[in-house]
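Colleague: Residues or ranges marked as domain '2Fe-2S ferredoxin-type' in TrEMBL: 1-66. The feature [2Fe-2S] cluster 1 binding site is assigned by TrEMBL to 18, 23, 26, 48. Per TrEMBL, the feature [2Fe-2S] cluster 2 binding site maps to 88, 91, 122. Here TrEMBL flags 188-373 as domain 'FAD-binding PCMH-type'. Residues or ranges marked as FAD binding site by TrEMBL: 216-223, 306-310, 319, 381. The feature Mo-molybdopterin binding site is assigned by TrEMBL to 721, 752, 868, 1035. Taken from TrEMBL, the feature substrate binding site applies to 870. What TrEMBL records for 1217 is active site, proton acceptor.
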């Protein structure tokens, strides 16, 4: 469906984010008429997985269909826009359609319904690109009456009411067709595939018998991704969606037969309706299934995935199969040989993806039995993320007791994630049967289970110790549940909290020029809606790949290396060139100009010629008439290699100080660390490892290069943060002047630092294809390609030695940072040395003797690059971990040690930059007050004393973040402002819009300076032919620099109009502009901002590398399940000093979004590489970023009042990057909870917890009696499944 909406019917609102149903950006609503009940059903679905052939008789509604700016916008679209729920906007249509489908089925949803609907949009509502308001889709803000007197981010009274009578009707012709049509077989034929949809069960049986290898496709959630990402080809696909017998539900005295074709959502709904109709003792299995179905995939996936398909996929970590097997369910299958019933028992699952059924057999229905009196069924799962995530380990356990006894008559225990199939713990069950359910029996069962379910240390999926410990933990949880049922003990582990609480967003409430003192039309300081929010919510906002295809346009797909370190011995493109649609293959030999990009004196090849240094390095590119043909051509390119010895993937491979360095080493020292170490009371040495992070911008790398047709001129439409860099790169690559290349950036669907260097390289390759073929060429990376090629945040290994006094004062610290740079330099210089790591290693602390070293290490992984924070999140993480260790050694609260060592009074950094920490201290104190820190700390301690297997933790963390570039030339900016004769104004500036709201703020600036309403001001795009020589939109300096340039241009124009205003003081803006034109006054002006003269002298170890600091503090409280490592952030309070906010709604969105991205970095997101250097985690199904289930249950944001900043426009401050680090407060809260758990086991003192603090790391660090039972594998005795990067 996706390709139809985008290319054929030109409905570009439905966005392609991942192609595998994992992100929800492509959500649409499907409606079908049910002749049997004469009802219409509506459900949300992923357009990227919906086969067009399967939609016969269905109505599909896209975001364009529910409202537009040309007609009327829908209340859902209005709310998400006006409640500030859209920033980059790429995923906003998916959020809108998820909510719309929910409202069509349930006009008055609960908050639980809303969060369930949004759970399928992991990226869309993680707040990375959509900050404030993602939970305000129903228009709800704070419910606290006292808050109404304070400024509000939006007024929900203004919202249009939802009127269900105004919704689109289902097409009557489809109803007529369903009522009167005679079902007949549908056949669709493509280039290489035939799709057949039989109309009867008999026909289906015959079709399958004659084509036993042909897959049956219902929801396409399994076969679809295999075809798309693995290149699997099925010449014939059978789609039995119209075979009514597969959807029948029959109730019997023993249970219920459910049609195998029923969707998982339908199954869950059916079971939920049945549960209240029967005694509780009969619905144990039903309730266990309901629980697992609520966690299985997203709402969109559950709406289309079938029960039979889920069973027959036979995934080893299936959530349903263990429950069905443990519950003694059975299948009714049919073939030409007749019907038979097959039990779901230990023999059913044969091997990975294989069952005992014959290829020609078809599952018709599934029998789910009622449970009996004395029978208990429970299901447990642990997954990297709480929702929309494949389970790490899943289990179902059923026990049946003799009546009036606690002797076990029957028991079933099945696990997923413990082998290539769903496995039965048969020996463990045998150890339980006929024995009383008591501690002695269970103790024996734990030992048997440990011996029975053994995973080799190199097992696929890794996490071996964790997975084995989960099997024991789940049995222990089941034990507690059974004892609770037997009324023998009251102890029960309650689930983690999940109810969302009212949250606050406070801004500018004291001693700020109030709105009463401000001109009504002056928008500065007001919570103005993002200027494109309505267009984004209606799907009208144009992104790079939304630009219409031109005649003869080609699509480019890259061919990348499959080896990490090898010589290229052969490149054969002949087979690719013979394929239909393939036009050409671009290699390094085709590049007419420079074949490399130069960064900081180091060269990076555009296309590798003789040698590759990582998997994913680009070698050549195939151009064809369609994306599908280009992908097929790329797969046909044959490359031969000669492996080179000893590829390096990890920092430690060569040993400390013996790295393969880029000679990018930094050193900094203040005081005398060696002497200070001799005078302190105590010394402590520690280390911490921090993993990398994928940018996961919703819009992948996208570009369109169009040859103009004369004088080698090119127009380039590209998703980049730095248009000038892309312009320069293309000009150098094609050996043409820069004035022949015009780069246009309308907006980006997120960037986070990842659309600078690699974008320029990709655009250069695409431009060569356009130059060679003289045709427009489009390149839009698949999510997996993007993640493989572009790199991310630098992983880091840090070692520290700290000297401190018994009163908590840190006197000296020596810190070593080693970053994994990957195979090329990229921006590692800025990250690893000059710009950030060493300059922020003090954070908020005045350490008199401080020494730091930083090195960027070359490895055979894809090169890492800039990422929101530029090394600061790594640098400060190490410092805060060090401070935490000092607190633990001294046995004192960490917040006390932090306070003792903070800068106070007029201060000087370690690089001799003078500043005042007053606002930093105010943020800290206000955060403690707002969070009620002292009382809650006592409550946490009390909670931990009363709970053995659940612990709470708290932390409060400060930040001092330098704003602007130390490379002074990067701080300049320019603008161009036109006033047209009708009084309308067009503003262009050098900043690019990626969701941070820079265009909105520039509109506010122009409005104030020209004294006109924002409605008269338009910003179309950023382009190199209007504002040349731009600097990157990065370093949280975009508004500071470009705002001053726009202000400069507008002031020039306003002064030019002064004579006209004096002649006609009562005239209107339009009359003044018109008069100025006739008086030959120029109505166009450029603006320029030179930027602060910043510098850093590394020889003298001093300078002023930043214009000012943004300060903040964050307090977090978490609740941790010590048996599984799962946690929930119960509450977060953030106080940030951003001066006088130009736009509080945009800035609070940035704060919330940055915090959530930081939460992902420090607690959730893991990049996994194979031992050969291949990135495993190449999409949302393997790589988990925060979703709505990860947002703190109570999330309060406060902007520090009475703050002034003379160094930036209108006394504001940069905010895009600083708060990301405050996500680490969740990490330290988890570490605090883990410490409480360890104390129960008698373990005290500092302990290692690397970042991210995933459930695996948290659980193992808790060192429970179950994790201690697991024998550790000896390092070096086996080849791990994944490298520890």
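For all residues, glycine too, the Cβ spot is worked out from N, Cα and C.
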Colleague: Which number gives the other C-beta atoms within 10 angstroms of the C-beta of residue 1035 (Mo-molybdopterin binding site), all protein chains shown included?
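Modeller: Result for residue 1035 (Mo-molybdopterin binding site): 28 neighbouring Cβ atoms inside 10 Å.
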Colleague: Which binding-site residues from the set 23, 26, 222, 381, 752, 1035 come within 10 angstroms of residue 91 ([2Fe-2S] cluster 2 binding site), judged by C-alpha positions?
Modeller: 23, 26
Colleague: Between residue 220 (FAD binding site) and residue 26 ([2Fe-2S] cluster 1 binding site), how many Å separate their Cα atoms?
Modeller: 15
Colleague: Looking only at Cβ atoms, how many others are within 10 Å of the one on residue 18 ([2Fe-2S] cluster 1 binding site)?
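Modeller: I count 27 other Cβ atoms within 10 Å of it.
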Colleague: Would you kindly give the Cα-Cα distance separating residue 306 (FAD binding site) and residue 868 (Mo-molybdopterin binding site), rounded to the nearest Å?
Modeller: 40
Colleague: Of the residues in the domain '2Fe-2S ferredoxin-type' (1-66), how many are helix, strand and coil by DSSP?
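Modeller: Summed by class, the stretch gives 15 helix, 19 strand, 32 coil.
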Colleague: Would you mind reading off the Cα separation of residue 48 ([2Fe-2S] cluster 1 binding site) from residue 752 (Mo-molybdopterin binding site), to the nearest angstrom?
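Modeller: Given the Cα positions, residue 48 ([2Fe-2S] cluster 1 binding site) is 25 Å from residue 752 (Mo-molybdopterin binding site).
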Colleague: Quick check: with 18, 23, 26, 48 left out, which same-chain residues have Cβ atoms within 8 Å of the centroid of the [2Fe-2S] cluster 1 site Cβ atoms?
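Modeller: Once 18, 23, 26, 48 are set aside, the remaining close residues are 2, 15, 16, 17, 19, 20, 21, 22, 24, 25, 46, 47, 94, 783.
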Colleague: Quick check: with 721, 752, 868, 1035 left out, which same-chain residues have Cβ atoms within 8 Å of the centroid of the Mo-molybdopterin site Cβ atoms?
Modeller: 751, 753, 754, 756, 866, 867, 870, 994, 1033, 1034, 1216, 1217
Colleague: What count of other C-beta atoms do you get within 10 angstroms of the C-beta of residue 868 (Mo-molybdopterin binding site), across all chains shown?
Modeller: 27
Colleague: Which one is it: of the recorded positions 306, 381, 752, 1217, whose Cα lies the shortest distance from the Cα of residue 88 ([2Fe-2S] cluster 2 binding site)?
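Modeller: Considering only the listed recorded positions, the nearest one is 752.
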Colleague: Determine, using Cα-Cα distances only, which of these binding-site residues is closest to residue 870 (substrate binding site): 23, 26, 308, 381.
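Modeller: So, spelling it out, the nearest of the binding-site residues is 23.
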Colleague: Out of 216, 218, 721, 752, 1035, 1217, give those recorded positions positioned within 10 angstroms of residue 18 ([2Fe-2S] cluster 1 binding site), comparing C-alpha atoms, in sequence order.
Modeller: none
Colleague: How many other Cβ atoms are found within 10 Å of the Cβ atom of residue 308 (FAD binding site), counting all protein chains shown?
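Modeller: Around the Cβ of residue 308 (FAD binding site), 24 other Cβ atoms lie within 10 Å.
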Colleague: Give me the non-local Cβ neighbours of residue 381 (FAD binding site): same chain, 6+ apart in sequence, Cβ-Cβ under 8 Å, ordered along the sequence.
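Modeller: Result: 292, 295, 319, 391, 393, 394, 395.
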Colleague: 752, 870: which of these binding-site residues has the highest Cβ count within 10 Å of its own Cβ?
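Modeller: Within the set of binding-site residues, the most crowded position is 752.
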Colleague: For Mo-molybdopterin, with binders 721, 752, 868, 1035, what's the maximum Cα separation in whole Å?
Modeller: 12
Colleague: Summarise the model's confidence over the domain 'FAD-binding PCMH-type' (188-373) as a mean pLDDT value.
Modeller: 95
Colleague: Between C-alpha atoms, which of these recorded positions comes nearest to residue 216 (FAD binding site): 26, 1035, 1217?
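Modeller: So, of the listed recorded positions, the one sitting closest to residue 216 (FAD binding site) is 26.
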